[in-house]
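Enquirer: Quick one: this structure, given as structure tokens, is what I'll be asking you about.
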């Protein structure tokens with residue numbers, strides 16, 4: 001029986017902090033599903049398809065990582081792919097309260113599902129997708145916080161937005 005984990009997130013866009021958690025999880029599990037969700041409480045900057053493409057490129061050299069889109073309840077998705085673990089990255093203590101609420105609800109819905117928290121390496125602890133977009137929007141250098149393909153995608157997206165009347 002394979003040891004399967006799910007790393008859910010909006011990944012809008014994926015950062016080196018996300019990639020750190022994905023790589024380390026890939027060393028712990030037989031299969032890691034990076035599951036892209038559409039967060040209704042957030043306005044998406046990149047489309048789901050663009051996010052999946054960027055993540056797939058960033059993880060292409062990690063053979064046991066699969067990238068997929070899902071909608072609906074995370075517990076249902078985990079059951080569909082045979083995962084018994086959810087991996088969540090934590091940047092700081094401030095992330096924990098929200099994550100604990102999610103974990104409690106998932107546990108209420110499926111008592112067999114476990115959530116594992118992984119601290120992001122210190123060099124990535126300040127990075128968020130929102131902050132990354134803000135820096136890129138004003139032409140700041142994001143090369144040290146996102147994979148190269150994401151840096152290019154951000155530049156292209158903002159160039160396109162700035163060309164609009």
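One is the number of the first residue shown, and numbering goes on along the chain from there.
Using the three backbone atoms N, Cα and C, a Cβ is placed for every residue, glycine included.
Relevant sequence annotations retrieved from Swiss-Prot are reproduced here:
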type	residues	note
BINDING	10, 42, 74, 88	substrate binding site
BINDING	10, 11, 18, 89, 90, 91, 99, 124, 125, 126, 127, 128, 129, 130	ATP binding site
SITE	18	site 'Transition state stabilizer'
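Quick one: how deep are these features, and who are their neighbours?
Expert: There are 18 other CB atoms within 10 A of the CB of residue 10 (substrate binding site), with all protein chains counted.
In the three-state DSSP assignment, the secondary structure recorded for residue 90 (ATP binding site) is strand. Within 10 Å of the C-beta of residue 90 (ATP binding site) we count 16 further C-beta atoms, all protein chains included.
The DSSP secondary structure for residue 18 (ATP binding site) is helix.
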Enquirer: Using the structure shown, find which entry in 18, 42, 88 (the binding-site residues) has the sparsest Cβ neighbourhood within 10 Å.
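Expert: Among the binding-site residues 18, 42, 88, the sparsest Cβ neighbourhood within 10 Å belongs to 42.
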Enquirer: Taking the Cβ of each of the binding-site residues and counting other Cβ atoms inside 10 Å, which one has the highest number: 125, 129?
Expert: 129
Enquirer: Show me the subset of 10, 42, 74, 88 whose Cα is within 10 Å of residue 127 (ATP binding site); these are the binding-site residues I mean.
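Expert: Near residue 127 (ATP binding site) by Cα: none of them.
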Enquirer: Which entry in the list of binding-site residues, 99, 127, has its Cβ near the fewest other Cβ atoms, using 10 Å as the limit?
Expert: 99
